[in-house]
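Copied from Swiss-Prot, the annotated features are:
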BINDING   11-78  NAD(+) binding site
BINDING   ASN157  substrate binding site
BINDING   CYS179, HIS216  Mn(2+) binding site
ACT_SITE  HIS180  active site, proton donor
Amino acid sequence: MKYNNGKVSDVKIAYIGGGSRGWAWTFMTDLAMEPNMSGKISLYDIDQEAAKNNEIIGNMITRRDDTVGKWNYETANTMEAALTGADFVVISILPGTFDEMEADVHMPERLGIYQSVGDTAGPGGMMRALRTIPMFVTIANAIKEYSPKAWVINYTNPMSMCVKTLYHVFPEIKAFGCCHEVFGTQKVLKGIAEQELKIDRIDRNDIHVNVLGINHFTWFNYASYQGIDLFPIYCKYIEDHFEEGFEEKDENWANASFACKHRVKFDLFNEFGLIAAAGDRHLTEFMPSERYLKDKETVADWNFGLTTVEWRKKDLEDRLNKSHRLVSGEEEIKLEPSGEEGILLIKALCGLTRVISNVNIPNTNLQIENLPSTAIVETNAVFERDSIRPIMAGEMPENVVKLTMPHILNHEYIMEAALTFDKSLVVKAFEQDPLVKDMATKEEVEKLVEDMLDATKAYLPKEWNL
C-alpha cells in the first residue's frame, strides 16, 4: 500500500466468493464512492464464470465518469493467486446450494419445528455450519500460508461459527465478522425518536448504542441521541404501539422482502428490559419454539415471516438475470450508499479514519464479562490503523445469559462434530437447541439428524461415512 496526501493506493483485496450476486455488488458500489482508496480486487470463486462476470461488472463501474474510487478487478484461478499479497480478504460464500438449504429449513417441519431463516441457529443453522466449517478450515489454512498479515472480513453465515473456525485453525489471524442487523435496529430507534421527539432526519450514526450478545442474538443496554436517553422513549412507544408495532421502509436489497413490525423486539424488551438488536426473524430462532415459531399462525400473529427457500431460489434467479443484464451493459448499477460499513472499516484499518462499529470476534478480553472467553461475541470496537480494539460492553443480564449459553455451547459441539465427524455431538446440539427441545423424542431427533446429514452429504467430508 502507498500513502499520499491522505489517500492510499495499491491496496489489494482478495474476495473469496467473488462471484457473489449480492454482497459483491454492494461492495463494488461502496468502493466506487470512496475517493481516498484505490487498488486491485482479486475475485476468486469456485464458479469461475460468476467471478468473471463480476470482473466485467466491476471494471465497467471503474470506467464510469461518476466513479471516484478507481479499482482494477481481476479473476483469480486459484485461492493462492487471490490471497498472495493481499492486504485485506473478504469472505462471502454460499455453503452449498439452496437445495441443501431447502432440507435445512423445511425438513424439521415434519416435527412441527419451524424456522424463519435457517442460517444461524436451529437445525438449519447447525447443518449449514457443518457444511461451512470444512470450507473455512481450507480458507483459514490458505490465509495462514499466503496472506497471514491480511485483515480478514467475513460476511458468511453462520457468522459465529465462521469466525470461530478461522481462529481455531489460525489463532494469529486478524479476522472479524461484519453484520448489518445492529444498523437495522439503530434505524428503528432513529424512526421512533424522529416520531416521538418531532425531529426530522436523524442520522443513524448519531444513535449511540452499547452492543452485547452473539451474532443475530444481540442486545443494546444503552442507547442515546445527542444526550437523550432513548430507553424511556422506546419503552413509552411500546406501551402505546405494542399491537401495531413499528413499520419502516428499507431499500437494502438484503432486507427488502424480510419486513416485520418489530413486535418480537417489543415483547423481548418488555420481559428483559434490553433492546434486542437483530431482525425479528433472526431473534425468534434463539428462543423456545412455542414462543414465536409454534406454527404459521403464531408467526403471522407476531407480524414477521418465514423466509422460504422457494423465495430464495426465485430471488437467485432474478439476480442471475440481473448479472447478465449488467455484463451486457443493458443495465447499470446505481451508485448510491449501501448503508453497509465494510469499506469504512477497511478505510479505518488503512489509517485514514477512526471508526466505532459492531464486530464479531472472540471474547478474549472478556469484553462481555460473563460469557466464556472462547465464545465469538458481538460488541462495539474501535477501528484504526492496523488495529481493532474491542470496547468493554460489561455484563449481560443473567436471564439473557441463560438464553445465550445453550447457543454458545452448541457452537462448541458443532465445531467438534465438524472436525471429528461425530454424529452424536450433532444430536446433542439438536437436543438442547430451543427450537428442538421438547418438540421431539430422542429417536425422532436422531432420525432427523440422520436425514438432514444425508441431504447435505454432497458438501460434507467423506469421513462422515454417510
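Just so you know, glycine gets a Cβ as well, placed from its N, Cα and C.
What you are looking at is a predicted structure, and each value in this text was computed from that prediction instead of being measured.
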Helix, strand or coil: which one is ILE56 (NAD(+) binding site) in, per DSSP?
helix
Give the distance between the Cα atoms of ASP65 (NAD(+) binding site) and ASN157 (substrate binding site), rounded to the nearest whole Å.
35
Candidates SER20, THR29, GLU74, HIS216 (binding-site residues) - the one closest to the residue listed as 'substrate binding site' by CA:
HIS216
Three states by DSSP: which one describes THR29 (NAD(+) binding site)?
helix
Let me check the 10 A CB neighbour count of GLU74 (NAD(+) binding site). How many other CB atoms are there?
16
When the Cα of HIS216 (Mn(2+) binding site) is compared with the Cα of each of the recorded positions THR29, SER38, ASP47, ILE56, HIS180, which one is closest?
HIS180
Relative to the Cβ of SER20 (NAD(+) binding site), which residues of the same chain, six or more apart in sequence, are found under 8 Å away?
ASP45, ALA50, ASN54, SER92, ILE93
10 Å Cβ neighbour count around ASP47 (NAD(+) binding site)?
13
Report, in whole Å, the straight Cα-to-Cα distance of CYS179 (Mn(2+) binding site) from VAL11 (NAD(+) binding site).
23
Under 8 Å Cβ to Cβ from SER38 (NAD(+) binding site), same chain, six or more residues apart: give me those in sequence order, or none if nothing qualifies.
LYS7, VAL8, SER9, ASP10, VAL11, GLY69, LYS70, TRP71
Rounded to the nearest Å, what's the C-alpha distance separating ILE56 (NAD(+) binding site) and CYS179 (Mn(2+) binding site)? Just drop the number here, would you?
27
Cβ neighbour count (within 10 Å, all chains shown) around VAL11 (NAD(+) binding site):
20
Of HIS180, HIS216, the recorded positions given in the record, which has the fewest other CB atoms within 10 A of its CB?
HIS180
When you measure from the Cβ of CYS179 (Mn(2+) binding site), which residues in the chain that are at least 6 apart have a Cβ under 8 Å away?
TYR155, MET159, ASN215, HIS216, ASN358, ASN360, GLU378
